[in-house]
Amino acid sequence: MEPSSPQDEGLRKKQPKKPLPEVLPRPPRALFCLTLQNPLRKACISIVEWKPFETIILLTIFANCVALAVYLPMPEDDNNSLNLGLEKLEYFFLTVFSIEAAMKIIAYGFLFHQDAYLRSGWNVLDFIIVFLGVFTAILEQVNVIQSNTAPMSSKGAGLDVKALRAFRVLRPLRLVSGVPSLQVVLNSIFKAMLPLFHIALLVLFMVIIYAIIGLELFKGKMHKTCYYIGTDIVATVENEKPSPCARTGSGRPCTINGSECRGGWPGPNHGITHFDNFGFSMLTVYQCITMEGWTDVLYWVNDAIGNEWPWIYFVTLILLGSFFILNLVLGVLSGEFTKEREKAKSRGTFQKLREKQQLEEDLRGYMSWITQGEVMDVEDLREGKLSLEEGGSDTESLYEIEGLNKIIQFIRHWRQWNRVFRWKCHDLVKSRVFYWLVILIVALNTLSIASEHHNQPLWLTHLQDIANRVLLSLFTIEMLLKMYGLGLRQYFMSIFNRFDCFVVCSGILELLLVESGAMTPLGISVLRCIRLLRLFKITKYWTSLSNLVASLLNSIRSIASLLLLLFLFIIIFALLGMQLFGGRYDFEDTEVRRSNFDNFPQALISVFQVLTGEDWNSVMYNGIMAYGGPSYPGVLVCIYFIILFVCGNYILLNVFLAIAVDNLAEAESLTSAQKAKAEERKRRKMSRGLPDKTEEEKSVMAKKLEQKPKGEGIPTTAKLKVDEFESNVNEVKDPYPSADFPGDDEEDEPEIPVSPRPRPLAELQLKEKAVPIPEASSFFIFSPTNKVRVLCHRIVNATWFTNFILLFILLSSAALAAEDPIRAESVRNQILGYFDIAFTSVFTVEIVLKMTTYGAFLHKGSFCRNYFNILDLLVVAVSLISMGLESSTISVVKILRVLRVLRPLRAINRAKGLKHVVQCVFVAIRTIGNIVLVTTLLQFMFACIGVQLFKGKFFSCNDLSKMTEEECRGYYYVYKDGDPTQMELRPRQWIHNDFHFDNVLSAMMSLFTVSTFEGWPQLLYRAIDSNEEDMGPVYNNRVEMAIFFIIYIILIAFFMMNIFVGFVIVTFQEQGETEYKNCELDKNQRQCVQYALKARPLRCYIPKNPYQYQVWYVVTSSYFEYLMFALIMLNTICLGMQHYHQSEEMNHISDILNVAFTIIFTLEMILKLLAFKARGYFGDPWNVFDFLIVIGSIIDVILSEIDTFLASSGGLYCLGGGCGNVDPDESARISSAFFRLFRVMRLIKLLSRAEGVRTLLWTFIKSFQALPYVALLIVMLFFIYAVIGMQMFGKIALVDGTQINRNNNFQTFPQAVLLLFRCATGEAWQEILLACSYGKLCDPESDYAPGEEYTCGTNFAYYYFISFYMLCAFLIINLFVAVIMDNFDYLTRDWSILGPHHLDEFKAIWAEYDPEAKGRIKHLDVVTLLRRIQPPLGFGKFCPHRVACKRLVGMNMPLNSDGTVTFNATLFALVRTALKIKTEGNFEQANEELRAIIKKIWKRTSMKLLDQVIPPIGDDEVTVGKFYATFLIQEHFRKFMKRQEEYYGYRPKKDTVQIQAGLRTIEEEAAPEIRRTISGDLTAEEELERAMVEAAMEERIFRRTGGLFGQVDTFLERTNSLPPVMANQRPLQFAEIEMEELESPVFLEDFPQDARTNPLARANTNNANANVAYGNSNHSNNQMFSSVHCEREFPGEAETPAAGRGALSHSHRALGPHSKPCAGKLNGQLVQPGMPINQAPPAPCQQPSTDPPERGQRRTSLTGSLQDEAPQRRSSEGSTPRRPAPATALLIQEALVRGGLDTLAADAGFVTATSQALADACQMEPEEVEVAATELLKARESVQGMASVPGSLSRRSSLGSLDQVQGSQETLIPPRP
């Protein structure tokens, strides 16, 4: 998160400027002269920091916006009086803003101080706007003066000002600096800018590649169209726009009589849409990526060159560009937004909501308690009254008192009755019956409103009126009852009650107003619809729904600030649009452009339209045409639209989704919190109800209960069972088999992990268990043991049988797709009919077999008890019935034939991965239920309002001058294309709009299309023009109607639909996680562990041959990379420079360049082949790609040469001799077009170069891997719908100018799929729906009866298209989004946390140490390797050596017998320690748990790999951890000696003391440190390091960190932490130890090269190693300084024969195969201090190490060499390995046990190594050490008086004994420095 911190600081500085001025330390001087005492500055400060000042400025900005909006732009720079007045007003605003800026500058200083005016971004914006305003004003004055002197120049000079004046529109942005919540939204958008920039690069890259491909393939193809012969009139059918044609080939032929295909046409969209040059090609590709108008471009290309293959280009473009890359934007924004919101949440918004709920619950409790109390009072009073009557005495019989008593009693009675009655009311209001009554009334109310429609009968209107009044009175009664029963205070506490009250009051008001006639019923009827909101009352008892509604209301706040931002954004662009296009949208062709910028409201609507993306391209084309068409200045207009579209549609609208996803997660957590409470209650009940069970059993029950909610929302078939996992060593079984718990016993189903994205099959490995034969008999005749039944069972469960059936399912599906929908009786269909019979019989046999095996349906486990089997049965039954009924005319049979389409669904039951995706989709649908409900309610409400507003108003006459149906008769004249010479006579028709609001259902349909953003501008303008009922439209009659649509779009389309999408995404992600709920690893840990297990080392090929090496060196150098990068860029530029109609020279040059580039890239390939050899070269996928491209390019060059050679005879086409009818333009070398693509593909190589984009790409490919089953599901969906479409709509005639035409139809399977793909992208799907509904013309070749020409199509189309659109747009495409958001969360993740993307670095650096990719390196290289990898994975080069070693102790990878560590083990250990996976607690237990988890998640992990990564318990393991632990201990010994030598100046010789000090070191310093290290707690260590370094710096003692392997200076930055050569010179080899270079001034003498040849050096060595210091009780102090002290590494052990090589190898061999299992025995035996020394037991599990190892037996040596040399050789070196003598071992083990390292104490090998290290450090022979140790033990025994301590060693007593022994030598212990 570091990168974001400066912005945060900026924000912190910015925000206080307005609200908290006191915080700002004001600079002492402003503008170099004004001090704080200066009166002018004082005044400015007080004004600027005066609260109302801010408000005044905001109001001024607002007024300025209003002024800008009222301005009316006019064509040709005309003006009216209003505009002139506004321009004068402009000066006033300018003055105000200038004064404000000046005062702020005087108050805060201008630039140089910390918080000066220009240091805030918002102020910079203000300043620029003010400055430009002043500058413009000055220029205008200059213009005026000039125009007075030279009148002609005014026009020219005025233009400059107009451009500058456009900047005024930025003023509304100043509102942002005044509203803090806006800044939060903006900041989260700004934070996302970096990852968004990467995505933008990727999009740009795609656009460039596709643009160049388009340029190569479609250049100049769009300029031919059909003209009438001999004229320039384009020949088109009615309603059809002109489109390209082709003279030959499979393009569009000209069919109209007297027309021909010829060139010279500017092209579609006035020549804007084409691929003739790079710029327009990019524009066209970008327009396709936005999924708006892409099918038009595809159809034009089809018309021009035929429809065989252009679809590949466009479909891939949409899939990659729109579905994938643009969804990344969403991933990034939602990630950023969640982070921003989490910060806000930590301030407790969510908490407040929780508390509020709690409070309300408490309050309800109190209220009911108080009312209960009142009732009790009433009861008491009744009893009291009786006693009062009984005991009333006759003495008080005075009349006055009696009268008074009566009043008092009356009041009392009244109060009592009131209380009783009120309590009764309270009970009534709270009862369920009352609730359902109210719901019933609400439903009736809804019904009465929904029954309204156009042309309804009078009685219905009366009925609705009466119902309205009755229901209103009922609602009023309900409200009053509630108020009385609950009391006003409690009533108004509920938000729903307040809302209810508002609705009722508005209803009463409406009734009064209508009755009195003060208001038209229309405006008020909208109020009546508000009553529908009462429907939301249902949510009261529906927890999850009410939580959803609460979270929606909650997100209104965050949405409000976003809406404000959106509104500002729209205003700014609308104002800018008015400046640019105001008054310019009037063209020659008399067609009115509705989306224009001629006034402010209209500009707002146009900008909003572009924002929703509907038809934005046509608005842009108009803008380009307004500036003179597709030539230089006009094209620049597209920049405005592209920026508007990108910022608005991609960024702002995706923030909506981000907010939605965010809030849903919140609603989920609310619901789950409540569920948790319920569970808690249940658990309490359970434990109360289990008196006779033991505690343990209760806990089992509790656990079971805990596991239950996890499965919620998952269908039972998909419940998870934990796989019992067997390993050779241990069996880890589920401790509570499910049968223990009643009611949890499930059917024997194969387990299916539930997840939306099926894992790669490797992880899923579903072992299907054969379901046993059920107990009962099948068909009452076959018993379970019957041979026939057993045989059937065997067949049914055989894999070959399943595969056989799957094959048949596939074949039968293919047969369905191959049918001919038009000609039912064709030969093809007859053949397919026979096949159908075969398939059906096979399926019937399968079902009979299965029923025989499992029984039909009577008993448990029978065939029909499974939903998927019922589906199978249905499909087969349908096939059988339709075979029986032959005639296809019967409508029943038609439906049955269509139902055969469900056959592919049978595959679901057989492909497990697919089955589980389907289940996931069902779960998602179930979970989405709530959202659907809320959305439907809102939709219904808007539909009712729509009916009130627009019923019967969408009629029109095609002759616009006629207003009613009566007038709309006869004929009228039309001028074609506005040309008065061309007249045409047409009949008048009274038309009803396709989408209208005449009744609630039509209204809901119309609104649904609006919510999909398709065709809503047409509907909107239709509504704006609407007049009275049954009247024609009036232009711009009611512009305010736009508000209805805009509110609907924002509420439903932006917000609810996004929440819907968000819900799908959240559900899928949760489903993905449920699979791993009880695996204890989170997603990131899983991904990293999976990477560590699956990764393989890279080969790093370095040639041996010197010449080859030279080539290799060149090819791998970065300069070569940059050179190739530059060449590819050049190649791109050359390709982009081509254009249509280019000159001959240009053609020639581009051909030569192409050859040159091909030669260069071929050379690159040859060089690389030489450098890497074939195996190395083809090992890298990028190289394979290069290779293919080079081969393709060479073929391309050869073909081009042949082509030019044959050009004289007409190119390659003429080889066949058919050249007569080919014009040169047509033969545009199409044969070589395919190979031309290879030129373009070179660009893709750029991807391998850019780091950020490469990571994106990597994740991209990874997310493709996650999609196989999702893709399969989509394929199935498309298949089924395509086949249904062919059966239903295949016979509709293809009519040009309608939506079912030559390019878009259901007549063949591929066409049907393409049409569906078009619908899925939302391209005018509602028009296709209308074109497929009933009453369409039939295809002339189909089999319709005479007189039935117009009977094709069916109204089933409504269900078909709506269901398809819903499934596609909301579910399926969101699966894509969910997968992408899952995989791309790294884009916004905190980079300091280790993630899978960090792990590639490890592979790269490992390859340098292991170039052959053997997967092993010397353990001594590990430390250097890890210090070269940056954190969070490695240690980084600044990590002190000691910390690095300690981390290695914590990582504890297994060490192989040859002294190497493996690749996977090292990577796994790194991941494990970095992410703290099972690092706490007992290490062995943790290892076993982790093994079990890995086996459970990745079932196919080989045991070998698992043992490598986590050795099993029984293993005699040697680990790197122990290796480094001995060195840490040794290092601590040395520090003590060093300290003692410094203190005394000489080295004491008393051996026992030395040994004792060494033991104290182990116990007090080394052991705790190692213990902490192993438990992974390194934070304290690092803090210590830091503290010590600082302390040392203060004292100016430049000491060195105690480095183990050479010295590392922690305070001087190493200039070169590791010279490249050192990769192979192992700095850790102890036989010839290499020191890293030193830079510290402390050491005066150099390090000795070899102690044998240099006597002085030898003396020094002895001196340096001879320093022994004793343990001091001042433990903490020592811990403090243990790291920073001046110490020398002992340079090499090879010098002293006795303690040298042999000893080392001896000690480390002892680390060998003797390990943990004997821990218990050791602990038991070793710690018996009373035992005589000579009886000290040998380390129990250890083979006596004195025996020399047999020849060939492998033992580990720490120098990394195999020790299988002959024993003689060893003795000749004088290094016979010895066991540590018992006394030493005993003492060391005691020390280790006391230090808390029991496991290491139990490891005999480790003890041996430690004792050797002790001897080395003290520079004593092991025998001497043993003698000293024996003395120590004797001394201790004498002190203890030979008293033996029973049992295990008590830490206190042993310490006591040591202390007493030590007391005698107290004088020798030096204090610590």
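Cβ atoms here come from the backbone N, Cα and C positions, even for glycine.
Listed in Swiss-Prot:
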TOPO_DOM  1-51  topological domain 'Cytoplasmic'
TOPO_DOM  107-115  topological domain 'Cytoplasmic'
TOPO_DOM  137-160  topological domain 'Extracellular'
DISULFID  Cys226-Cys254  disulfide bond
DISULFID  Cys245-Cys261  disulfide bond
INTRAMEM  280-301  intramembrane segment
MOTIF     290-293  motif 'Selectivity filter of repeat I'
TOPO_DOM  331-432  topological domain 'Cytoplasmic'
REPEAT    418-664  repeat 'II'
TOPO_DOM  452-462  topological domain 'Extracellular'
INTRAMEM  602-623  intramembrane segment
TOPO_DOM  624-633  topological domain 'Extracellular'
REPEAT    786-1068  repeat 'III'
TOPO_DOM  819-830  topological domain 'Extracellular'
TOPO_DOM  851-866  topological domain 'Cytoplasmic'
TOPO_DOM  912-930  topological domain 'Cytoplasmic'
DISULFID  Cys957-Cys968  disulfide bond
INTRAMEM  1001-1021  intramembrane segment
TOPO_DOM  1022-1038  topological domain 'Extracellular'
TOPO_DOM  1061-1118  topological domain 'Cytoplasmic'
REPEAT    1105-1384  repeat 'IV'
TOPO_DOM  1201-1231  topological domain 'Extracellular'
INTRAMEM  1312-1330  intramembrane segment
DISULFID  Cys1338-Cys1352  disulfide bond
Mind checking how the motif 'Selectivity filter of repeat I' (290-293) divides into helix, strand and coil residues in DSSP?
0 helix, 0 strand, 4 coil
Helix, strand and coil residues within the topological domain 'Cytoplasmic' (912-930) as assigned by DSSP:
19 helix, 0 strand, 0 coil
Cα-Cα, whole number of Å: Cys957 (disulfide bond) versus Cys254 (disulfide bond)?
33
Say you check the Cα of Cys261 (disulfide bond) against those of the disulfide-bonded residues Cys254, Cys968, Cys1338, Cys1352; which is nearest?
Cys254
Spatial neighbours of Cys245 (disulfide bond) among the disulfide-bonded residues Cys226, Cys254, Cys1352 [C-alpha, 10 Å]:
Cys226, Cys254
Quick one: Cα separation, Cys968 (disulfide bond) versus Cys254 (disulfide bond), in Å?
36
Rounded to an integer, what is the Cα-Cα distance in Å between Cys1352 (disulfide bond) and Cys254 (disulfide bond)?
27
Quick test of the contact rule: Cβ under 8 Å, at least six residues beyond the ends. What residues does that give for the intramembrane segment (280-301)?
203, 206-208, 210-212, 214-215, 218, 221-222, 243-244, 268, 272-274, 310-311, 313-314, 317-318, 321-322, 326, 613-618, 630, 635, 638, 642, 645, 649, 1303-1304, 1318, 1321-1324
Taking the Cβ of Cys254 (disulfide bond) as reference, which residues of that chain separated by at least 6 in sequence fall under 8 Å from it?
Cys226, Ala235, Cys245, Glu260, Cys261
Disulfide-bonded residues compared (Cys245, Cys261, Cys1352) - the one with the fewest other Cβ atoms within 10 Å:
Cys261
Reported in the order helix, strand, coil, what are the DSSP residue counts of the topological domain 'Cytoplasmic' (851-866)?
7 helix, 0 strand, 9 coil
Residue with minimal Cβ packing [other Cβ atoms within 10 Å] among the disulfide-bonded residues Cys226, Cys1338:
Cys1338
Going by DSSP, how much of the topological domain 'Extracellular' (819-830) is helix, how much is strand and how much is coil, in residues?
4 helix, 0 strand, 8 coil
The topological domain 'Extracellular' (452-462), counted residue by residue under DSSP: helix, strand, coil:
5 helix, 0 strand, 6 coil
Compute the average pLDDT of the predicted model within the topological domain 'Cytoplasmic' (331-432).
72
Return the count of C-beta atoms lying within 10 angstroms of the C-beta of Cys968 (disulfide bond), excluding that atom itself.
20
For Cys957 (disulfide bond), list the number of other Cβ atoms lying within 10 Å of its Cβ atom.
21
Would you identify the secondary structure of Cys968 (disulfide bond) according to DSSP, in three states?
coil
For the topological domain 'Cytoplasmic' (107-115), how many residues does DSSP put in helix, in strand and in coil?
2 helix, 0 strand, 7 coil
Under DSSP, the topological domain 'Extracellular' (1022-1038) has how many residues in helix, strand and coil?
4 helix, 0 strand, 13 coil
Counts by DSSP class (helix H/G/I, strand E/B, coil) across the topological domain 'Extracellular' (624-633):
5 helix, 0 strand, 5 coil
Three-state composition of the topological domain 'Cytoplasmic' (1061-1118), taking helix and strand from DSSP:
41 helix, 0 strand, 17 coil
